[in-house]
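These come from TrEMBL:
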| type | residues | note |
| --- | --- | --- |
| TRANSMEM | B:170-192 | transmembrane segment |
| TRANSMEM | B:204-222 | transmembrane segment |
| TRANSMEM | B:251-268 | transmembrane segment |
| TRANSMEM | B:280-300 | transmembrane segment |
| TRANSMEM | B:341-361 | transmembrane segment |
| TRANSMEM | B:373-395 | transmembrane segment |
| TRANSMEM | B:407-428 | transmembrane segment |
| TRANSMEM | B:435-453 | transmembrane segment |
| TRANSMEM | B:465-493 | transmembrane segment |
| DOMAIN | B:521-644 | domain 'STAS' |
Number of protein chains: 2
Amino acid sequence: MEGRYEQQQQQHLDGSHNPCVEIAMEIHKVETPPKRSSLQKLKNRLKETFFPDDPLRQFKGQSTKKKWLLAFQYIFPILQWGPHYNLNLLKSDVVSGLTIASLAIPQGISYAKLANLPPIVGLYSSFVPPLVYAVLGSSKDLAVGPVSIASLLMGSMLRQEVSPTLDPLLFLQLAFTSTFFAGLFQASLGFLRLGFIIDFLSKATLNGFMAGAAIIVSLQQLKALLGIKHFTKEMGLVPVMSSVFHNTKEWSWHTILMGFCFLVFLLVARHISIKKPKLFWVSAGAPLLSVVLSTLIVFVSKAQNHGISVIGKLDQGLNPPSWNMLHFHGSHIGLVLKTGLITGIISLTEGIAVGRTFAALKSYQVDGNKEMIAIGVMNVVGSTTSCYITTGAFSRSAVNHNAGAKTAVSNIIMSMTVMVTLLFLMPLFRYTPNLVLGAIIVTAVIGLIDIPAAYQIWKVDKFDFIVMLCAFFGVIFISVQEGLALAVGISIFKMVLQMTRPKTVVLGNIPGTDIFRNKHQYKDAVSIPGFLILSIQAPISFANSNYLNERILRWIQDYEEEETKSHSNLRFLILDLAAVSAIDTNGVTFFQELRRVMEKRGVELVLVNPVGEVMEKLQQADGAKDLLQPRNLYLTVGEAVSSLFSTMKVVPSRDG
Amino acid sequence: MEGRYEQQQQQHLDGSHNPCVEIAMEIHKVETPPKRSSLQKLKNRLKETFFPDDPLRQFKGQSTKKKWLLAFQYIFPILQWGPHYNLNLLKSDVVSGLTIASLAIPQGISYAKLANLPPIVGLYSSFVPPLVYAVLGSSKDLAVGPVSIASLLMGSMLRQEVSPTLDPLLFLQLAFTSTFFAGLFQASLGFLRLGFIIDFLSKATLNGFMAGAAIIVSLQQLKALLGIKHFTKEMGLVPVMSSVFHNTKEWSWHTILMGFCFLVFLLVARHISIKKPKLFWVSAGAPLLSVVLSTLIVFVSKAQNHGISVIGKLDQGLNPPSWNMLHFHGSHIGLVLKTGLITGIISLTEGIAVGRTFAALKSYQVDGNKEMIAIGVMNVVGSTTSCYITTGAFSRSAVNHNAGAKTAVSNIIMSMTVMVTLLFLMPLFRYTPNLVLGAIIVTAVIGLIDIPAAYQIWKVDKFDFIVMLCAFFGVIFISVQEGLALAVGISIFKMVLQMTRPKTVVLGNIPGTDIFRNKHQYKDAVSIPGFLILSIQAPISFANSNYLNERILRWIQDYEEEETKSHSNLRFLILDLAAVSAIDTNGVTFFQELRRVMEKRGVELVLVNPVGEVMEKLQQADGAKDLLQPRNLYLTVGEAVSSLFSTMKVVPSRDG
C-alpha cells in the first residue's frame with residue numbers, strides 16, 4: 001500500500017499525472033442555488049411536507065367550468081368513472097359483488113360478535129358504508145366492511161369500562177360514538193394532509209401486531225369452539241388459557257366435534273384457493289356454505305338442545321338511525337376518544353395498505369389523503385346508521401380482485417345483497433351455531449400470521465425483527481394497544497438514534513480514477529498521504545454536532561497513530577458533504593469549531609460538494625464565510641485532492 | 001438547452017466522446033463490504049452509539065500495572081496532573097482562586113435566596129462541591145458553585161407543593177433530596193454513556209430558554225430592588241408585573257435609590273470588563289466591593305430602620321451533615337424526582353457546555369461522560385453536606401479563565417476562602433442589604449440574554465428561530481419547565497419530520513465532465529434525454545418509503561410533461577444512493593415496488609453507489625437481488641449514463 005502512495009506522489013512530482021487527474025485539475029466552482037426569500041422557502045417546505053402529490057396539478061391552466069368539474073370529480077371519484085360505465089364492467093362487478101357478499105354476511109355477523117356487539121350490527125355495517133365508499137373512494141378493488149383487528153380492538157377497549165352483557169345498550173352507544181370519532185379523526189387526517197402519521201406503523205410493527213392480534217382473536221374463539229359458558233373477559237394468552245383449562249367440565253363434545261369438522265373444511269377450502277388462485281371461489285363460498293350446512297344440521301337435529309349454542313332470534317329490517325345514540329359527554333368520553341383514535345388509525349392503516357396494494361397490481365394510483373377522507377366520512381355516516389367501524393378488508397378485497405371486480409360497483413352489489421338479507425333472510429340465521437362463526441373467524445385471521453415475511457425481516461434487518469417481536473409479544477402478553485404502542489415507540493427511538501449517531505466513513509481513492517469511496521467497502525481504495533477524507537452521512541443538527549466533533553477527532557487520532565508508521569503528516573481534512581442534506585445553527589457552529597480546532601493542529605479543513613441549503617446557511621452566518629473560500633471548497637473530492645496535492649510541499653519519504 | 005442534449009447524443013453517435021466520458025466507460029464494480037456476523041455488527045453499532053470516544057483506547061497494549069495506574073488516573077484526573085504540579089502553576093491558581101472567591105461569596109448568597117433557601121446554603125455549596133470536583137473533574141477552567149438557572153428552577157418547582165416561608169425545614173429537606181437525585185441522575189447518565197441526552201437541547205432552545213429565565217430571575221429581584229414586602233409567589237411575567245404595580249404603596253425610595261446606584265455601578269463594571277477583557281478583575285471584584293460598601297452604609301446610617309431590608313443574622317461554622325435530611329419516601333417523592341431530573345439536566349448542560357468551551361479555547365479535551373460522573377458525584381456528596389445543586393458556572397468560569405487559572409487547584413483555593421468566610425466572617429453579612437444581592441443577580445443573569453446570537457439564528461435558520469421564540473415566550477408566560485419542554489418537543493418534531501420528508505433532487509450533467517449535480521443548484525447542469533437521475537438524501541425507512549414512492553412518481557410525471565415537448569421517452573430512472581446511509585425492511589420493499597412500477601412503464605431502474613449496508617440488505621432479501629445485476633448497478637452516475645447511453649437506440653429528434 002505504501003508503495004502506492006509514494007508512487008502517486010512521485011508521479012505528481014515528475015509531472016506524469018494520469019489523464020483523469022489531469023481532467024480533474026480543471027476545477028469546477030461550487031454554486032449556490034438561486035436566491036429565494038424565506039417565504040418562498042417556507043412555502044416550498046410546506047408544500048413538500050403536506051402536498052407531496054401536488055393534488056392541484058391537474059387544475060393548472062384549465063377553464064373555470066372545467067375546474068369546477070374537476071373539483072367535483074376530485075371529491076366524488078364516481079363522477080370520474082361513472083360516465084364511462086358500461087354493461088361489460090357491470091357483468092364483472094355483479095359476479096365479484098355477489099362473491100364478496102357471500103363472504104361479507106357470515107364475516108359481518110362473526111366480527112360483530114368479536115366486538116361484543118349484536119350480530120346484526122355486523123350486517124348493518126356491511127350495508128351503508130360500502131355505498132358511501134362507492135361514491136367517495138378511489139380504489140377499484142377495496143371491499144368495505146367490518147374487519148377483525150378493528151373489531152377486536154374496539155371490543156376489548158370498550159370492555160375495560162362497560163360490560164357488554166350487563167349494559168348492552170350503553171356498550172352499543174359507546175361503540176357508535178367511538179366509530180363517529182374514528183371517522184372524524186380519519187377524515188381530519190386526510191383533510192389536514194397528515195396522512196404520514198400512519199407511515200409510522202412500519203412493516204415489521206404491523207407484521208408482529210397482526211400476528212399477535214390473530215392469536216388473541218383465535219383464542220377468543222375457543223369459547224365458541226369448545227362450547228365453554230363461563231369464559232374469561234380478558235384477552236391475554238395467560239388468562240384465556242387458564243380459563244380454558246379451568247373449565248374443562250364445560251367442554252361440549254358435540255360442539256368440539258362439529259366445530260372441528262367445519263374448521264377443517266374451511267381451512268382446506270382456504271388452502272385450495274391459496275394454491276390455485278383461480279379457485280378463489282372455493283374459499284369465498286365456503287363460509288356461507290358452512291353457515292347454511294351447520295344451520296341445517298342444527299335445525300334438523302335440534303342440536304341446540306344438546307348444548308350447541310346458536311345465534312338466536314335476529315331482528316329483521318334495515319339499519320335504524322342511531323344519531324340519537326351518540327354520546328359526546330359523560331364519564332366515558334375519554335375512553336370513547338381513545339378507542340376512536342386507536343381503532344381509527346389501525347383500520348385506516350389496513351384500508352390504505354389494501355388500496356395501495358391492489359392499485360399497484362393494476363397500475364393505477366390511489367391518493368392516500370383522499371382515501372382517508374372517504375373512509376372517515378364513511379364511518380361518520382355509518383355511526384349515525386347503526387354501523388360500527390369499517391374499512392377495506394384485506395381478505396375480502398383479495399377475493400374481490402380475484403373475482404374480477406372492475407369498479408366500486410361491486411361494493412354496491414354486495415350492499416344490495418346484504419340489504420336483501422336484512423329484509424328477508426334474517427330468520428334463517430336463528431339456528432346458526434356460534435361454533436361455525438368461531439371457525440370462520442379463525443380461518444379469516446390465520447392469514448394474518450405471515451411467517452415467510454417474518455423470516456424475510458429476520459434476514460434483512462435484525463433490528464426490525466426485534467421491533468416485530470416486541471409488537472407480537474406485547475399484544476399477546478400485555479394488551480393489544482400497548483403492544484402496538486411499544487413497537488411504534490421502539491421504531492421512532494431507532495430513528496432518533498440514527499440521527500444522533502450518523503455514520504462517518506473514511507474515503508480512499510480507487511486507483512486509476514478520480515473516484516473516492518468508502519475504504520471499508522472498497523478494499524482497493526487507497527489513502528492519499530497527508531489527506532484524511534471523511535464522508536458524513538446525515539444532516540448535521542443539534543442532535544449530532546457534538547458526536548460528530550468527537551468522532552472526527554477520533555478519526556484524526558487513528559490517522560495520527562498510522563502516521564508515525566508512514567511518516568506523513570496530516571495536512572488536509574476533507575469533508576465530503578454530499579449526504580449532508582441540511583444543517584441548523586448548531587451545524588454551522590460545528591463547522592466553525594472544527595475549523596478552529598483543525599487550524600490549531602495545522603490541518604486545513606476542506607469542504608466538498610455541499611448542497612444548496614448548507615451553502616446558503618454557511619454564507620449567512622457571520623464568521624462562517626471563511627469556510628467557503630475557493631481554496632477550501634471543491635465540487636468533487638477528486639478535484640480537491642488533485643488541486644491541493646499540487647500545493648503540498650514534499651514530505652520526507654522513507655527512500656528520499 | 002435542447003440543442004445541447006442533441007449535440008451530446010450526436011457526439012455519441014459520431015463516436016466523438018469527450019475524454020472523460022471515455023474514461024468513465026471503464027466501468028468499476030460496486031463492491032460489498034467484507035462479511036461480518038450480526039453479532040459483530042451489533043457490537044460495532046453499540047460501540048459507535050455509546051463509546052464514540054473509545055475511552056479504552058489508551059489501555060491497549062499496556063502492562064497490567066500501567067493499566068491499573070491509567071484506570072486510577074482515568075477515574076481521578078487529579079492523579080494525572082497532580083504529580084507535575086509546581087509553584088508557578090500554584091501562583092496562577094491562587095490569583096484566580098481568590099478572584100473567583102470574591103465573586104462566589106456574594107453570588108452564593110444571592111443564588112440561595114433565588115432558590116428560596118437560607119443564604120448560608122449558598123456558601124456551603126461553594127465549599128464542598130469545588131473540592132470534590134477538583135479531584136474528579138477533567139476541566140481546568142470550570143469554577144464550581146451554585147448557578148442562577150438551576151437555583152431558579154429548583155426554587156420554583158419545589159414551591160409548587162411546599163411553601164419556603166411556612167415550612168422552611170421541609171423545603172430545605174426537599175432541596176437536598178432533589179440535589180441528591182439530580183446528582184444520581186447525572187452520574188448515571190455518564191456511567192451509562194447516555195450523555196447524548198443533553199444534546200437534545202439545541203443552541204436555539206438554550207438561547208431562548210436562558211433569555212427567558214434571565215428575565216424571570218430579574219423580575220423576581222424587583223422585590224428586593226423596590227423594597228416590596230407583599231410580593232407574588234408566582235414566576236410569570238404577568239403576575240409579577242401585576243404584583244409590582246398593585247403594591248406601589250410599598251415601594252421604598254431609600255431602597256430604590258440605593259439599589260439603582262449599585263445596579264448602575266455593577267453594570268458599568270461589567271461593561272468595562274466586556275470591553276477590555278484584561279480588566280476582568282473590575283467585574284470580578286465589583287460584587288464583593290458592593291457588598292462591603294452597602295453593608296458599611298447600612299451599618300453606619302442604620303438604614304435598616306428606614307425600610308431597607310437586610311439579610312440578618314447568619315450562623316457561623318462549616319457545613320453540617322445533612323444525610324439525615326434526605327427524604328426517599330412520603331408524599332413529595334414525585335416532585336423531588338421531577339425537580340432532580342430537570343435541574344440535573346439543565347445544570348449538566350451548563351456544566352458540560354462551559355467545560356467544552358474553555359477546553360476548546362485551550363485545546364485540551366474534556367470527556368463528556370466523565371464530566372457527568374464528576375458533576376453527579378459532586379452533587380450526591382453535596383446533598384449529604386448541606387449543599388444544593390451546583391455545576392460549572394459560565395460567568396465565574398470565564399473570570400477564572402481570564403484570571404489565569406491553570407488547574408482545578410483554583411477551585412480548591414476558592415473553597416478554602418469560602419471556608420475562612422464561613423468560619424470567621426459570617427457576622428459581617430448581618431447588615432448586608434437584600435437590594436445589593438438583587439443587583440448582583442440582575443447583573444449576573446443579564447449576560448444570559450444573547451441578542452447577537454439570536455440575530456445569528458434568525459439569519460441562519462428561521463425554524464431554529466421559531467424554536468428559540470417558543471422557549472423564550474414559553475418560559476416567560478407559561479413556566480420555566482414547560483417552556484423548555486415545548487422547545488425540545490418542537491426540535492424533535494422537526495427532526496422526525498425531516499426523516500419523513502427526505503429531499504429528492506434531480507441531477508444533471510455538468511457539461512464537459514462526468515460529474516452530475518443538483519440541477520436546481522447548478523444552473524449549467526443539463527439533463528440527458530431519456531434519463532431521469534434522482535438523488536435521495538436520507539435513509540429509506542418505514543417513515544418515508546411511501547412518501548418517496550409518491551414523490552418519485554411525481555418527478556416522473558414532471559419529466560413526462562416535458563417529454564411531450566422534447567420528444568424523448570424516459571428510458572432509465574437512475575437513483576443516486578450515495579446519501580442513503582441505511583435502509584430497513586420497508587426500504588427493501590420500496591425498491592422492489594419501485595422496480596415493478598417502473599417495469600410496467602417500460603423504464604429501467606438503475607442504482608448508483610449504494611453504501612455497504614444497503615448492498616447487504618438488498619442481497620439478503622428474496623426477490624431484491626435482481627436490483628443488483630451489473631446492468632442496473634454502477635459506481636458513479638457518470639459511468640451509469642455513459643454505459644447505458646451506448647445501449648440506447650436512437651430516438652427520433654426534431655431535426656432527424
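Any Cβ shown, glycine's included, is placed from N, Cα and C.
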Run through the domain 'STAS' (B:521-644) and tell me, per DSSP, how many residues are helix, strand and coil.
62 helix, 21 strand, 41 coil
Same-chain residues at least 6 beyond the ends of the transmembrane segment (B:341-361) with a Cβ under 8 Å from one of its Cβ atoms are 137-142, 147, 149-150, 153-154, 157, 178-179, 181-183, 185-186, 189, 195, 197-198, 201, 206, 368, 371-372, 375-376, 379, 389-394, 397, 401, 481, 484
I'd like to know if the transmembrane segment (B:170-192) touches the transmembrane segment (B:373-395) in this structure, counting it as a touch only when three or more C-beta pairs sit under 8 Å and are separated by 6 or more positions.
yes
For the transmembrane segment (B:204-222), distant same-chain residues with Cβ under 8 A (at least six beyond the ends):
114, 148-149, 152, 228, 231, 235-237, 240-241, 244, 349, 353, 438-439, 441-442, 445-446, 448-450, 453-454, 457, 461, 464-465, 467-476, 480, 483-484, 487-488, 491
What residues in the same chain, six or more past the boundaries of the transmembrane segment (B:465-493), come closer than 8 Å to it by Cβ-Cβ distance?
152-153, 156-157, 200-202, 204-209, 211-213, 215-216, 235-238, 342, 346, 454, 457-458
For the transmembrane segment (B:170-192), find every same-chain residue at least 6 residues outside the stretch whose CB is under 8 Å from a CB in it, and list them.
115-118, 121, 154, 157-159, 162-164, 198, 322, 325-328, 332, 335-337, 339-341, 343-345, 347-348, 368-384, 386-389
On the domain 'STAS' (B:521-644), the mean of the pLDDT values is 87
